């Protein structure tokens, strides 16, 4: 049976208990255990790139990691992946900081990784690449003669041509992506956006609905919405509360809780969320003294100015809103710029009456799914969800809102706070059914199954396809 080789920017430590804290790690480990294989990625450390790979083997899985130099890490990861691709793919061209040296570093590191992986590959390996850090990776492997089946999954949104084509190197990136055999996206909108970008640049031949050829390269596109571990989350949420949390729950017995947890990131719509909550307090005064909104937003990329600006903005808005609407004995908004243990968050989800998840743009947003999975089915909370989160395509029984419309979000919060138990139970049951069916294992099994169905490339077939392909006419 073919081995599975997984490549990601970072690898989870070879400690199953630690890895289980993150959904992606669970899915990847499940796939690796089923097939046996290798997880290859950056160690998280800077140092001499020429050092031998660090290898750890447990059972039928090998972890192989490498160091990056300070320059390579800065150019590949900070300056290009996170200062160009991340904002552009989240529709924030105003925050893109394109620099040629960073682009060169991005390509250089992808080539370096291909060189390091090449000696580890076997002829029948199936290779699965993850996320925007590694868009050119298949191209680098093909240049080195690798004809194995290579799949790619994009965890973040794929932008429309108007956005993507603004990147100075968009044409190169698109052609490199076509070196993958299978391109997986979170939503159908993302898949179609990619094909639109491609069609604007070159002639694309579509043999069936999701099988295409461009630049003589045959590839398939498909949608694989990533899932979670609902049973594990329900187990964590239902366990006994720590003493401090139990005390807080008792103190807030007659207060309805609106809860959000997100990384401090401009894509998450946190300032817009605060302002929508202010509209709720202004237009629905009957809730004064009876609700509390808690926003947990741990610092992410704190050395980047755009992230510093959001943190200062949230601090100012929280103080202003509390100063305007707060009363003796009642603080309407709690903003915590801190990290909390994942298991504790699941318990907080369970006793929260409303889960507020309103990103401006998000590939999926697993927090929304985790909130649903953490609820008590007999007395569940209500999910208020942005239409621009990938999860909105599946969780259609949530209260779907436009995060840019403060009045709509405020009205949804009022509806959630006053919703009947029967409606809450019905909506929750519908969403939980979707989450259980499309869990993290279903996600990885579908992707790997589809990748296995693809006939491996050969040098002869690639050359034959090139002869039969013509450039797009002007």
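Using the three backbone atoms N, Cα and C, a Cβ is placed for every residue, glycine included.
What you see is a predicted model, and the numbers here were worked out from it, not measured in a lab.
Pulled from Swiss-Prot, these are the features on record:
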- 10, 77, 131, 301: D-glucose 6-phosphate binding site (BINDING)
- 22, 23, 263, 268, 340, 366, 367, 368, 369, 370: UDP-alpha-D-glucose binding site (BINDING)
- 86: site 'Involved in alpha anomer selectivity' (SITE)
- 156: site 'Involved in alpha anomer selectivity' (SITE)
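Counting Cβ atoms from all protein chains shown, residue 77 (D-glucose 6-phosphate binding site) has 20 others lying within 10 Å of its own Cβ.
Across the residues annotated as binding D-glucose 6-phosphate (10, 77, 131, 301), the two Cα atoms farthest apart lie 18 Å from each other. Around the Cβ of residue 131 (D-glucose 6-phosphate binding site), the number of neighbouring Cβ atoms within 10 Å comes to 19. Shown in sequence order, 9, 81, 82, 133 are the same-chain residues outside 10, 77, 131, 301 whose Cβ sits within 8 Å of the Cβ centre of the D-glucose 6-phosphate site. Local packing around the recorded positions 156, 367 was summarised as the count of other Cβ atoms within 10 Å of each Cβ; on this measure the leading residue is 367. Put simply, 156 is the one of the recorded positions 86, 156, 263, 369 whose Cα lies nearest to the Cα of residue 131 (D-glucose 6-phosphate binding site). Cβ neighbour count within 10 Å across all protein chains ranks 86 highest among the recorded positions 86, 340. Using a 10 Å radius centred on the Cβ of residue 10 (D-glucose 6-phosphate binding site) and all shown protein chains, the other Cβ atoms total 15. Taking the binding-site residues 263, 301, 369 in turn and counting surrounding C-beta atoms within 10 angstroms, the largest count is reached at 369. Of all the recorded positions in the record (10, 77, 86, 156, 301), the one with the smallest CA separation from residue 369 (UDP-alpha-D-glucose binding site) is 156. Note: the CA-CA distance between residue 263 (UDP-alpha-D-glucose binding site) and residue 77 (D-glucose 6-phosphate binding site) rounds to 18 Å.
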